[in-house]
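**Student:** According to TrEMBL, the transmembrane segment annotation covers 38-65, 102-123, 144-166, 178-196. Marked as domain 'Oxidoreductase molybdopterin-binding' by TrEMBL: 305-437.
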Ligand SMILES: Nc1nc2c(c(=O)[nH]1)N[C@H]1C(S)=C(S)[C@@H](COP(=O)(O)O)O[C@H]1N2
Ligand SMILES: [Mo]
């Protein structure tokens, strides 16, 4: 370590003795008089609370996919130790995924102005010269690279996904999942290195006095070791109150135009940023559709009179027409569709057969899992594995009807799965085969 350190220092000296490049590398370049440890720490404090909520709701969403049931559900088969925390996702409360994923996506959008403001507040550090002073500083800069890079990566991939802007090389889930672990590791390192500095900076100025100080009373903070405070401050054009207020107003505005998609019902109309249709139509089937039948290649003859449901289990498969299914004992459940993209419907009134009854019909009443397959020719969501606790929940249905009418083609006619607290993506539509396993 000492040898490495000596070599880094020698190298740093060589770079340092070369002239400092012009522009942002010069110490006089960054001149905002409000930049300094206090403002950075205010934004940092918000992220200190926000990022852990993002991380926890994110890893919960991953658990909700039932990745333990195999590659059909899991796009990150090589996760190794990163799956250490996985547990059986419950079916109650039935709105659990709606809450955790609504929180994940809404908070992610709302934190964007705070993240940008935090990055703006520390930007002089990006141009620090000489770039490497010691081995310790090199390590610190590497951790900041992972922190900033990881943070931007997670926010950008998340927002692209909820905006249905699929430009990812490979799967969004894989990128967002591994990215989250890199980001959170760098976040933990960063917080442990900077927590003391942050609390000291927050105590150095009184928030309420700051909120009463306008532009004319705005003075730079005293010089700091990190070099955030400008050496040659310009005259203020904005107070700290103005900066905090602008970021807060930006976040509030984003909240108002985003949250409606998770709350659903009438408030859907306020979700101006949601990429889906804000008016999903009227009548029993008038609620949000993710993929329409036409968009995934469901043709009328695939789901017409020739359609049959196959139920596989211990003995010979049972094959049933829709009329036969409708003649079996039907049950109802009021459940929402809650998508990983953050939107949810209000509770819809589903009617159909209990998965538990179909498991019994298959000869495996205590089935530990079921493979659900749709008639959809291909595509990532055409099949899914569900777990024993999901099969046994009395509200877990193979739905045939919704809100008093037959399912529409776009909502999965002739039959779809609906399970309490299940991520939308696992509520497979246009089902034609159920394979129960022990
Ligand atoms: N066969 C099939 N089932 C599917 C999908 C799909 O693309 N194909 N999309 C899933 C996703 S991502 C969601 S959020 C829900 C949406 O159901 P809805 O369109 O009825 O609201 O259906 C799920 N079931
Ligand atoms: Mo979804």
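Cβ coordinates come from backbone N, Cα and C, glycine included.
Surface or core, plus neighbours and distances: that's what I need for these features.
**Tutor:** For the transmembrane segment (38-65), the residues of the chain that approach it from at least six positions outside its boundaries are 73-74, 76, 85-87, 89, 97, 100-101, 103-104, 107-108, 111, 114-115, 117-118, 121-122, 154, 173, 176-177, 180, 183-184, 187, 191, 194, 197-199, 201-202, 204-205, 207, 210, 221, 228, 240, 243-244, 247, 340, 421-423, 425-426, judged by C-beta separation under 8 angstroms.
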**Student:** Where DSSP helix means H, G or I and strand means E or B, what are the helix, strand and coil counts for the domain 'Oxidoreductase molybdopterin-binding' (305-437)?
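**Tutor:** Across the domain 'Oxidoreductase molybdopterin-binding' (305-437), the residues distribute as 23 helix, 50 strand, 60 coil.
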**Student:** If we skip the immediate neighbours and take only residues 6+ beyond the ends of the transmembrane segment (178-196), which ones have a Cβ under 8 Å from one of its Cβ atoms?
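**Tutor:** Same-chain residues near the transmembrane segment (178-196) but 6 or more away: 44, 48, 51, 55, 58-59, 76, 79, 82, 140, 143-144, 146-147, 150-151, 153-154, 157.
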**Student:** Averaged across the domain 'Oxidoreductase molybdopterin-binding' (305-437), what pLDDT does the model get? Just tell me the whole number, please.
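**Tutor:** The predicted confidence over the domain 'Oxidoreductase molybdopterin-binding' (305-437), as a mean pLDDT, is 97.
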